[in-house]
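Asks: Mind looking over this structure? Questions follow.
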Ligand SMILES: *Cc1c(COP(=O)(O)O)cnc(C)c1O
């Protein structure tokens, strides 16, 4: 009997080795990975440049403390702020922690202006993590149920609905920020209309609110730009990162600019491990690989190719399927719950995911090649067709 707490419904497989888009289980079977550890291993498994850098760093210095200056942390803050147009970075160890930092920052920003109950607008179908503040911010009752009392200080609106935000603006004088995923991941791979972010930016500016974007899943090159907000013409005040940042070494970041940049003062926030030399080296090397190997361009080419192939291969089902995505963030929404596709794919030695019950989600490594992408689409399309045929009967 396992002595692990029973928090995960794990699939019946144990991986022991990885290389690029391939994983091997403890029986020596090879699997094609179209999920990359849920958008974590963007450069593929065990990229040799990363492995070498981590070995070197592990032999030099792993951890000191934020009681002292840390070279790699300074370098990483320089890189991320110059790539994003934001000004300051705080480093932690996960996506939830990066959002905790953003939520604390927004509350402090409000208190500094004399707002006693600073309130943050959050979205339906959002996902921000599993800590108490982030599960409160999350728009999914399943994540929250059983963990009440939740936090106060959040109001929820539908995603991609500017009018709903305007209504809150008119009625609630305690709002200090809007927190949303630029593109929603867990909520079903959802993308807003083209003018949505600009509209939010405008409302935030008019009201003195912070625009806070959770790019934990969609950031770091996955959609073809360093950050998903860069597809639109705006810059947020706060952005959170994690998943793809360290290629599997735990690291998260909360970036801030403009009126949000100077909110935290010594003593307001901290993390023992946050931004240690090894985790930051992983992130610096990940950024180098994405840049030097042209991974964002590849994510666009291969992502577009996969969506086109899906449309062709699933043409017979075009009236019931919704195929969407940008770059290597790909969703195929079915008309019915389809979680059983995941174990079926596993039997065929293919790793995929289903989120929000009905959405087949693919988050491949940004450097997946065309032949591998073709194999993924071929097998996933066959599975979806087989599944729909058997369900309709
Ligand atoms: C995964 C995810 C998180 C939570 O990250 P953890 O590292 O699991 O805490 C937060 N926001 C988004 C958008 C995510 O996809």
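Cβ atoms here come from the backbone N, Cα and C positions, even for glycine.
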Asks: Since TrEMBL lists 95, 96, 214, 215, 216, 217, 272 for pyridoxal 5'-phosphate, which candidate among 127, 305, 310 does it give for that site as well?
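Replies: Given 95, 96, 214, 215, 216, 217, 272 bind pyridoxal 5'-phosphate in TrEMBL, the matching entry from 127, 305, 310 is 127.
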Asks: When you rank 130, 243, 271 by Cα distance to residue 215 (pyridoxal 5'-phosphate binding site), which of the recorded positions ends up on top as the closest?
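Replies: Nearest by Cα distance to residue 215 (pyridoxal 5'-phosphate binding site): 243.
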Asks: Counting Cβ atoms within 10 Å across all protein chains shown, which of the binding-site residues 96, 216 comes out on top?
Replies: 216
Asks: DSSP secondary structure for residue 214 (pyridoxal 5'-phosphate binding site), reduced to helix/strand/coil, please.
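Replies: Its secondary structure by DSSP: strand.
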Asks: Taking only the binding-site residues 96, 215, 271, 272, which have a CB closer than 6 angstroms to any atom that belongs to ligand 1?
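Replies: Only 96 qualify.
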Asks: Provide the number of Cβ atoms within 10 Å of the Cβ of residue 130 (N(2)-acetyl-L-ornithine binding site), excluding the reference atom itself.
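Replies: Taking all protein chains shown, residue 130 (N(2)-acetyl-L-ornithine binding site) has 14 Cβ neighbours within 10 Å.
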Asks: Work through the recorded positions one by one (130, 243, 271) and name whichever has its CA nearest to the CA of residue 217 (pyridoxal 5'-phosphate binding site).
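Replies: The smallest Cα gap between residue 217 (pyridoxal 5'-phosphate binding site) and any of the recorded positions is with 243.
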